[in-house]
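Colleague: Just lifted these from TrEMBL, have a look:
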type: TRANSMEM; residues: 25-48; note: transmembrane segment
type: DOMAIN; residues: 39-288; note: domain 'G-protein coupled receptors family 1 profile'
type: TRANSMEM; residues: 55-73; note: transmembrane segment
type: TRANSMEM; residues: 85-118; note: transmembrane segment
type: TRANSMEM; residues: 138-162; note: transmembrane segment
type: TRANSMEM; residues: 198-223; note: transmembrane segment
type: TRANSMEM; residues: 235-258; note: transmembrane segment
type: TRANSMEM; residues: 270-290; note: transmembrane segment
Amino acid sequence: MRNSTAITEFILLGFPGIQGLQVPLFIVIFFIYILTLAGNGLIIAIVWAEPRLQIPMYFFLCNLSFLEIWYTTTVIPKLLETFVVARTVICIPCCLLQAFFHFFLGTAEFLILTVMSFDRYLAICKPLRYPTIMTSKLCLQLALGSWVVGFTIVFCQMVLLIQLPFCGNNVINHFYCDVGPILKAACTDTSILELLGLLATILVIPGSLLFTMVSYIHILSTILRIPSATGRQKAFSTCASHMTVVSLLYGAVLFMYLRPSAHSSFKINKVVSVLNTILTPLLNPFIYTIRNKEVKGALRKSHICNLHHSSGQRWILNPPSKARD
């Protein structure tokens, strides 16, 4: 144990080199956060309100949207605080709790995306057997399994992490409680935790990416064998949104973790973390609705129903003069 004073709180630096831009950044990120909550919440509401959308693909999409809502909520409020408070302090239990939910929800998101790729594989490569394989029971098991596995992987590491004593430097050069800076503040050997973290990262990120890539190799091979151009386009459109989201998420994560670790690159990693934490959850609702005719149709139907409902209320409150006569 190092000969240092025990600490009870951490200080989040955020982005110290943006003097004069705190207020504009606060407004922009707060607006993005509200849009993210509204967009993902709208997808959940539409899917559960429209019977035609209550199929496996949209069930998993609801899980993804729910994850995105809480994933951003674990980080953005504290990030906004770093823009308005000169010294952003977070207690050690709060910091560990934030780290737990951040990595638990992030891990579950990778697993849900992997499950979604498996669903698309069955729908395109095994269309005749798809209804009998992808039953409601299996959908629930796959979604619940993603949540449980993500929780278990992170919880096992967190049990060891909360037992560590912390001393010395309590400054975290980030806008949220990342595990790396937390381990650096520990007063004892953390090699076991670092090894567990490495194994979990390899299992979740490259493992899920490999499964997704294999699924899409089979999907693309099947699509190319479809004789009609219309059939190929229709089959490709059912998985284009998922491919876009997967590319954004894995691209950002691989950029952060496969770059050589250097102090100069950490600032870039923080920027990529902002994009991964804020931009990707914001884009998901737009990606899944812009190219999706079923979701757009449900949105139009909901809008028309609201208009008819409003017109009916106005008719009741203000009937025409002839009707009153």
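The backbone N, Cα and C atoms fix where each Cβ goes, glycine too.
Each of these features: where is it, how hidden is it, and who are its neighbours?
Modeller: Here the transmembrane segment (25-48) has long-range neighbours at 15, 18, 54, 58-59, 61-62, 65-66, 68-69, 72-73, 76, 79-80, 83-84, 278-279, 281-282, 284-286, 288-289, 295, 298-299, 302, meaning same-chain residues at least 6 beyond its ends whose C-beta is under 8 angstroms from one of its own.
Long-range neighbours of the transmembrane segment (235-258) within the same chain, counting only residues 6 or more positions beyond its ends whose Cβ lies under 8 Å from a Cβ of the stretch, are 57, 64, 109-110, 113, 116-117, 120, 123-124, 201, 205, 209, 212, 216, 219, 222-223, 226, 269, 272-273, 275-276, 279-280, 283-284, 287-288, 291-292.
Listed as Cβ neighbours of the transmembrane segment (270-290) (distance under 8 Å, sequence separation of 6 or more from its ends, same chain) are residues 15, 29, 32-33, 35-36, 39-40, 42-43, 61, 64-65, 68-69, 71-72, 75-76, 79, 174-176, 241, 244-245, 248-249, 252-253, 255-256, 296, 299.
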Colleague: Of the stretches 55-73, 85-118, 138-162, which racks up the most C-beta pairs under 8 Å with the transmembrane segment (198-223)?
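Modeller: Most Cβ pairs under 8 Å with the transmembrane segment (198-223) come from 85-118.
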